[in-house]
């Protein structure tokens, strides 16, 4: 197939090679697929279900993990904007970011499954993905991807123009992660660079010029790095679900690199995440509500997860991956929101006096 040849040439041009597996012939493709009988996508027309599965509509945790860095940066940047961003501006910006996260997470899944279409049939958890089981052809998946990218662009154009310049480079990272799994045991670092991009975007979205604002640049850099560390934590737990099948298929992961010191590695990544979150708050001029709520809350939820997760139990890893988004992401968000609201209430009386003096 011409498009298959294109993907092969792209892989070779990046210096990567496919693991020693071959595409399964039709008679050896997985045959135990059962359409969903519960949930939202079970209500869709049968022909739509593979496309809903391709973008993981039935597994929204990835969308939340992509969205939270956007929310963090919006709430961190809001008090730094001049004038301070209003609640309406924060809400509309947040809604746009969630829409973008939903679309671009789906696009990322499509890109990933296109690259991994010859590997997924060898991994128990992924062998029933639509492209792997040939419910969607490569050509149709690419057309579908194009539609997702155009939709994402339409959402991006609703933001201030500088956001376009900051967002475009992230597309390179989106296409790089599937290749990283073939050459390094730390593809989760590349995933972190990709999923954490939203930690930068909240600043230009609220009109803050990162080029001319050293405090904002430092806060954005620290927040971005903190989110990268968070990705290493949650996706390392996720990678333990496939550690045996990945090794057989020639797929590398951080779980393999730290198979025998998992809790220690998770602790280091978590401590780094919290430390960088503290730095982000310092550079942003955040108050006690942030440091206690966001930083203290993150430390508590991460420590609890690391202590309780059973990395040898697939179901337990999935539970902590799925719910960790809300546990850690939730406390960080509430701390940021509380700090923003507190600082806004302190600003409003001075704004009233300022307007009264000026008439």
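Backbone N, Cα and C atoms are what each Cβ position is placed from, and that goes for glycine too.
Within the chain carrying the transmembrane segment (64-82), a Cβ under 8 angstroms from the stretch's Cβ atoms is held by residues 89-90, 93-94, 97-98, 100-102, 104-105, 108, 195-203, 205-208, 213, 215-216, 219-220, 223-224, 227, 231, 234, 280-281, 284-286, 325-326, 329, 332-333, 336-337, 339-340, 343-344, all 6 or more beyond its ends. As annotated by TrEMBL, transmembrane segment applies to 64-82 (among others).
Only residues 6 or more beyond the boundaries of the transmembrane segment (94-115), in the same chain, are considered here, and those with a CB under 8 A from a CB of the stretch are 7, 11, 54-57, 62-64, 66-67, 70-71, 74, 129-132, 138, 141-142, 144-145, 148-149, 151-152, 155-156, 158-159, 174-175, 177-179, 194, 198, 201-202, 205. The transmembrane segment annotation in TrEMBL covers 94-115 (among others).
According to TrEMBL, the feature transmembrane segment maps to 136-157 (among others).
The annotation transmembrane segment is assigned in TrEMBL to 163-180 (among others).
Note on the transmembrane segment (189-211): residues 65-78, 80-81, 85, 89-90, 93, 96-97, 101, 108, 159-160, 162-163, 166-167, 170, 173-174, 176-177, 180, 217, 219-220, 223-224, 226-232, 235, 254 of its chain, located 6 or more positions outside it, place their CB under 8 angstroms from a CB of the stretch. Annotation comment: TrEMBL describes 189-211 (among others) as transmembrane segment.
Taken from TrEMBL, the feature transmembrane segment applies to 217-241 (among others). Counting residues 6+ beyond its ends, the transmembrane segment (217-241) has Cβ neighbours under 8 Å at 65, 68-69, 72-73, 76-77, 80, 125, 188-189, 191-193, 195-200, 203, 210-211, 253-256, 258, 262, 265-266, 269-270, 272-277, 279-281, 283-284, 302, 305, 309, 311-312, 314, 317-318, 320-321, 324-325, 328 in the same chain.
TrEMBL lists 289-306 (among others) with the feature transmembrane segment.
Annotation source TrEMBL lists transmembrane segment at 318-337 (among others). Sequence-distant contacts of the transmembrane segment (318-337), counting only residues of its own chain at least 6 positions beyond either end whose CB sits under 8 Å from a CB of the stretch, comprise 61, 64-65, 68, 71-72, 75-76, 230, 233-235, 237-238, 241, 277, 286, 289-298, 300-302, 304-305, 308-309.
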